[in-house]
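*Asks:* According to Swiss-Prot, the protein has these features:
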type	residues	note
SITE	R28	site 'Transition state stabilizer'
BINDING	E34, H35, T36, D37, Y223	substrate binding site
BINDING	G124, A125, G126, L127, S128, S129, S130	ATP binding site
BINDING	S130, E162	Mg(2+) binding site
ACT_SITE	D174	active site, proton acceptor
Amino acid sequence: MSLKEKTQSLFANAFGYPATHTIQAPGRVNLIGEHTDYNDGFVLPCAIDYQTVISCAPRDDRKVRVMAADYENQLDEFSLDAPIVAHENYQWANYVRGVVKHLQLRNNSFGGVDMVISGNVPQGAGLSSSASLEVAVGTVLQQLYHLPLDGAQIALNGQEAENQFVGCNCGIMDQLISALGKKDHALLIDCRSLGTKAVSMPKGVAVVIINSNFKRTLVGSEYNTRREQCETGARFFQQPALRDVTIEEFNAVAHELDPIVAKRVRHILTENARTVEAASALEQGDLKRMGELMAESHASMRDDFEITVPQIDTLVEIVKAVIGDKGGVRMTGGGFGGCIVALIPEELVPAVQQAVAEQYEAKTGIKETFYVCKPSQGAGQC
């Protein structure tokens, strides 16, 4: 049973009438451009065919009813006419409440709604299950009530809800790619202007995501430290962000910087350049060059930004040994565990899966999770 069929069936059973719309919003993986977002730089994600699906219908009053199929059909109810506050027990409900609350601040011309939500974006794998939920809820209200909001505004609304209502600091990339993703394309995003450019993906290439299942512990504190080091670097160059520093300017004075800060700055400057070049390589179908750029990105994250762990490096090496120069592989996400992403010719996927199954657990004692994805369409009706 598809998520669409599941949510429509649950909707009819729970609310006693059929849903009028079914909306989906996808998760994402970032192909290249790591830790560049908060430095006003470039990222190159694609939406994946794992998504949050909501069957819904407008109500003729001001009540919102939400059922979470993936949380034992828990039900949340609240009114649009009362202040929207955090739910005491259901964390999932706060993503919904936050999106609705912030949407009211943007455009309050919508009424009540019934929703049943289900998703298959793996949670805790860094594939943006929360952004997918936020964008799905925003799209539901935009579609049901014909709100004059575009995908970028729905994405910004989701980011605000996560930052201010849920209380989790995040950039804009995750929501933006979920809202604006394009089938068979990646999206080059300028994190300063929020400008986007669709980049066609080569035919016959699979997007493979492998979760190391190494439990991330340092990610919060180390993330903040990296951010501070980048801000220190920008101040040294008297610029608002590292986006505004050239590699030539850096090389001329790198010896004057604190050695650790210099390494962090070098990663951001080179990663930005790699990300822009990667968009061109992908568009031209040059998988060999894309693979080189992904390898350079991984080495930079390992040696200059120091955010990989041995388990992740092991996974990358296993995959690289199979694909050679026919594709690319690197860590993706914040670091200290999580996932790797690989662009692999479809015919090599079984060999990669076999090599990882045979070697990764033997070397690390941890069993991986393997996902084969397609670059998918952003949020909309399904």
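Heads up, the Cβ atoms here are built off N, Cα and C, so glycines get one too.
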*Asks:* Which residues, same chain and not among E34, H35, T36, D37, Y223, have a CB within 8 angstroms of the centroid of the CB atoms at the recorded substrate site?
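*Replies:* Going along the sequence, the neighbours appear as G33, Y38, N39, V43, G171, R226, I268, G334.
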*Asks:* C-alpha of S128 (ATP binding site) to C-alpha of H35 (substrate binding site): distance in Å?
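*Replies:* The separation of the Cα atoms works out to 15 Å.
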*Asks:* Around the ATP site (G124, A125, G126, L127, S128, S129, S130), what further same-chain residues have their C-beta within 8 angstroms of the site's C-beta centre?
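*Replies:* Once G124, A125, G126, L127, S128, S129, S130 are set aside, the remaining close residues are G27, V121, P122, Q123.
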*Asks:* Round to the nearest Å and give the CA-to-CA distance linking H35 (substrate binding site) with D174 (active site, proton acceptor).
*Replies:* 13
*Asks:* List the binding-site residues among E34, T36, D37, E162, Y223 whose C-alpha is within 10 Å of the C-alpha of S129 (ATP binding site), in sequence order, or say none.
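*Replies:* The binding-site residues passing the 10 Å Cα test: none.
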*Asks:* In the structure shown, which of the binding-site residues G124, G126 has the fewest Cβ neighbours within 10 Å?
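*Replies:* Across G124, G126, these binding-site residues, the one with fewest Cβ atoms within 10 Å is G124.
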*Asks:* Looking at the binding-site residues listed here (L127, S130, Y223), whose Cα lies nearest to that of E162 (Mg(2+) binding site)?
*Replies:* S130
*Asks:* Measuring Cα to Cα, how far is T36 (substrate binding site) from the residue listed as 'active site, proton acceptor' in Å?
*Replies:* 13
*Asks:* Counting across all protein chains shown, how many other Cβ atoms sit within 10 Å of the Cβ of E162 (Mg(2+) binding site)?
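*Replies:* Neighbour count, Cβ to Cβ under the 10 Å cut-off: 24.
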*Asks:* 10 Å Cβ neighbour count around S128 (ATP binding site)?
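*Replies:* Summing over all protein chains shown, S128 (ATP binding site) has 29 other Cβ atoms within 10 Å.
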*Asks:* Near G126 (ATP binding site), which recorded positions out of R28, E34, D37, Y223 have their CA within 10 Å?
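*Replies:* Final answer, ordered: R28.
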